[in-house]
Amino acid sequence: MESEPIRVVVTGAAGQIAYSLLYMIAKGDVFGSEQPLILHLLDIPPMMGVLEGVVMELSDCALPLLRSVVPTDDPVVAFKDVAAAFLVGAMPRKQGMERKDLLSANVKIFKVQGEALDKHAKKDVKVLVVGNPANTNALICSRYAPSIPKENFTAMTRLDQNRAQAQIAAKVNVPVASVSNVIIWGNHSSTQFPDASHGTVHMAGKDIPARDAVGDDVWLRTAFVETVQKRGAAVINARKMSSAMSAAKAAGDHMRDWFNGTPPGKFVSMGVISDGSYGAPKDVVFSFPVSIKNGKWEIVQGLVTDDFAKELLDVTGKELLEERAEAIAVIEA
Ligand SMILES: NC(=O)C1=CN([C@@H]2O[C@H](COP(=O)(O)OP(=O)(O)OC[C@H]3O[C@@H](n4cnc5c(N)ncnc54)[C@H](O)[C@@H]3O)[C@@H](O)[C@H]2O)C=CC1
Ligand SMILES: O=C([O-])CC(=O)C(=O)O
């Protein structure tokens, strides 16, 4: 028997990330090749003309899983009965900006959308915040949606994880799928800590520690960390626009793993509400390694962190506390 369609919302649906993401979702890459979909597309009133073009293109893709499309500028319509929400709609940064410079422009969007999710979405909706600064926006969104569990609000650090795994694959000269369990700790910002010390590389039929495969601890603590921390800025410098294709791919990966789970022994990184694990501040959205089963994530416990890691975890945690204070000030102003 065919499954009932699920409703999925993408905000910022007329923007650049959505242009790649909508196709991936609609063709079954995220929710599976058997799951029919109704796509809700939210953008702001001046973008409704552009959105109409996106709707035409989705129709012209002739995708069997896509049962209908609901374009709208009304959050009430957009969030009605949705099972999954990709919150992409927000201003992107330009050359020379840090992501937290977007806070005052973007955080109010996530208050409004939290309120709308609270009233209109399914209570088990899975929310992925992509719009920057993603961690703090996710925290604010959750605060304004008290009837939905805090665990259902996540922020995207999967792009950073994919970048980190691609850097290691290139260094070791293996296909990217051979690299697993590289962690992104903390904020999706230039203070994030990309950590390969628990990573593995599949070589000659077995998983070996990434540190052994790389054989260069200095590189892992310097060039590797800095490249991943600054990759978003490097793309902006080159393209004059921020990452879009890779961001869409990461958003799809994040939501697919959240719905489908992670294989035994493997973990992925997600910004989730912090319980203070690994000395992170509580009640901020902090990126941790998580394993996922039956649609629920759990922070992977018991990984040993050395002094180098503790120092970097501390820096990114402090930045998240500062962002939280600033976000609350912006909203209450
Ligand atoms: N977490 C991550 O790894 C990444 C996050 N980003 C962030 O994603 C966001 C979107 O990036 P792009 O698609 O490149 O930007 P874009 O400017 O191409 O598209 C954003 C869209 O959001 C819409 N929008 C603005 N306010 C809205 C609202 N209140 N409700 C619904 N839609 C609204 C805009 O009209 C626009 O169509 C930015 O904040 C960017 O910094 C980008 C790459 C990676
Ligand atoms: O760097 C940016 O502003 C966009 C983004 O979040 C990324 O590419 O990681």
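Every residue, even glycine, has its Cβ placed from backbone N, Cα and C.
What TrEMBL says about this one:
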ACT_SITE  His188  active site, proton acceptor
BINDING   Asp43, Asn106, Val130, Gly131, Asn132  NAD(+) binding site
BINDING   Arg93, Arg99, Asn132, Arg163  substrate binding site
DOMAIN    7-153  domain 'Lactate/malate dehydrogenase N-terminal'
DOMAIN    157-327  domain 'Lactate/malate dehydrogenase C-terminal'
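Where TrEMBL records a feature, it is marked here on the structure.
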residue : record                       : DSSP class
Asp43   : NAD(+) binding site          : coil
Arg93   : substrate binding site       : coil
Arg99   : substrate binding site       : helix
Asn106  : NAD(+) binding site          : helix
Val130  : NAD(+) binding site          : coil
Arg163  : substrate binding site       : helix
His188  : active site, proton acceptor : coil
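With respect to ligand 2, the binding-site residues Asp43, Arg93, Asn106, Val130, Asn132, Arg163 contribute Arg93, Asn132 as residues with a C-beta closer than 6 angstroms to one of its atoms, given in sequence order. Whole-number maximum of the Cα to Cα distances across the NAD(+)-binding residues Asp43, Asn106, Val130, Gly131, Asn132: 16 angstrom. Geometry remark: Asn106 (NAD(+) binding site) versus His188 (active site, proton acceptor), CA distance 15 Å. Taking each of the recorded positions Arg99, His188 in turn and counting other Cβ atoms within 10 Å of its Cβ gives the largest count for His188. Ranking the binding-site residues Arg93, Arg99, Arg163 by the distance of their Cα atoms from the Cα of Asn132 (NAD(+) binding site) places Arg99 first. Distance noted between the C-alpha atoms of Val130 (NAD(+) binding site) and His188 (active site, proton acceptor) is 10 Å.
A 10 Å cutoff on Cβ-Cβ distances gives Asn132 (NAD(+) binding site) a total of 27 other Cβ atoms nearby, all chains included. Reported as a whole number, the C-alpha separation between Gly131 (NAD(+) binding site) and Arg163 (substrate binding site) equals 18 Å.
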